[in-house]
Amino acid sequence: MIRVAINGYGRIGRSILRALYESGKRQQMQIVAINELAKPEAIIHLTQYDTTHGRFAHKVKLVDDHMLIGDDAIKILHEPDPTKLPWHEMDIDIVYEATGVLLDRQSCEAHIHAGAKQVLISHPSSADVDGTIVYGVNHDLLRAEHTVVSNASCTTNCIVPVIDVLDRHFGVKSGAITTIHSAMNDQQVIDAYHDDLRRTRAAGQSIIPVDTKLARGIERILPHMKDKFEAISVRVPTINVTAIDLSVTLEKTVDIATVNHVLESAANGRFNGILGYTDEPLVSCDFNHDPRSSIVDGTQTRVSAGQLVKLLLWCDNEWGFANRMLDTSLAMIAAKRG
């Protein structure tokens, strides 16, 4: 049994725990510890009840310093210094680093020094980690010696499989991306101070442009795409699910039917369970709690002059990403154990 700890129990940390139980992967992995500075009562409550994803199917109880889920007892820790975490004593195989704060090798190696064998970061990281993985595209690069790995971002996981498919079939010359992302907890409920002046404004009242490094994230996964993409991002007043407007110029001449056929075939084949395809007239909330990284909306595919293709992609930026955290961590463990 793989022994897991979660460091940082916010939106992604809680989604990882719930996804573990809902996906059936609990038979392979067990969460034995959560390190979170919040009060235990709040930890239990937000595990049981969630505005976005609904009630957790399992009853959650607090007994002493443990969260009980059925027969599973998960130790709740409140340690701000990761070097002092009891990972050696708890025989932790892998830590999900989900604070959004520890984003480079040196800071994440605190978990290794504390006794964990591997760390998977739930965020884009600095370039000095052992690898940045988009599961389904490059997880085969994982090696036994890799100890600190990034799971990239939700939007990178959404867009890279699609770019990979298009490039393999038609060749991608260049592209431009607009991410239409649900509001996040680094924004304000009502106007308040923030270093980013746009993020001083109420999240529920505006479409808010924010910085994004998505184009650079694509390059890290697909190095041959260096300097071929640029991206912008806006936050919109919804609490979950993200849309990506992707425009690419292809080397080959195509039509809408050809593009959609190739993407649907990939969704049913190599990327089954990771990439999806729909031709139904759906809206963003229809993709809430969808475990896939990306869903192509075939009704919105457009082709101009044979080589300029516009696509609309959907993803649950919480749930899909949490499921890829599970997949990537299992691949890391498999690589380590040979």
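The backbone N, Cα and C atoms fix where each Cβ goes, and this holds for glycine too.
What Swiss-Prot lists as NAD(+) binding site is R11, I12, N317. Here Swiss-Prot flags S153, C154, T155, R199, T212, K213, R235 as substrate binding site. Per Swiss-Prot, active site, nucleophile is recorded for C154. Feature annotation from Swiss-Prot assigns site 'Activates thiol group during catalysis' to H181; the stated evidence is sequence analysis.
Feature annotations (Swiss-Prot) mapped to structure.
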residue	record	contacts (Cβ under 8 Å, 6+ apart)
R11	NAD(+) binding site	N185, E318
I12	NAD(+) binding site	A98, S122, E318, F321, A322, M325
S153	substrate binding site	H123, P124, L214, G217, F321
C154	substrate binding site	T242, C315, N317, E318, G320, F321
T155	substrate binding site	T179, H181, T212, L214, G217, S233, T242, I244, C315, N317
R199	substrate binding site	D186, Q187, Q188, I208, V210
R235	substrate binding site	H181, S182, A183, M184, Q187, A203, I207, I208, P209, V210
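Residues G10, S15, S122, C154, M184, E318, F321, A322 surround the recorded NAD(+) site, their Cβ atoms falling within 8 Å of the Cβ centroid of R11, I12, N317, which are themselves excluded. Following the DSSP three-state reduction, the secondary structure of R235 (substrate binding site) is strand. Maximum intra-site Cα distance, substrate binding residues S153, C154, T155, R199, T212, K213, R235: 20 Å. Between the binding-site residues T212, N317, the minimum number of other C-beta atoms within 10 Å of a residue's C-beta occurs at T212. Within the same chain, the residues at least 6 positions away from K213 (substrate binding site) whose Cβ sits under 8 Å from its Cβ are P124, listed in sequence order. Of all Cα pairs drawn from R11, I12, N317, which the record names as binding NAD(+), the longest spans 10 Å. Other Cβ atoms within 10 Å of the Cβ of H181 (site 'Activates thiol group during catalysis'), summed over all protein chains shown, number 22.
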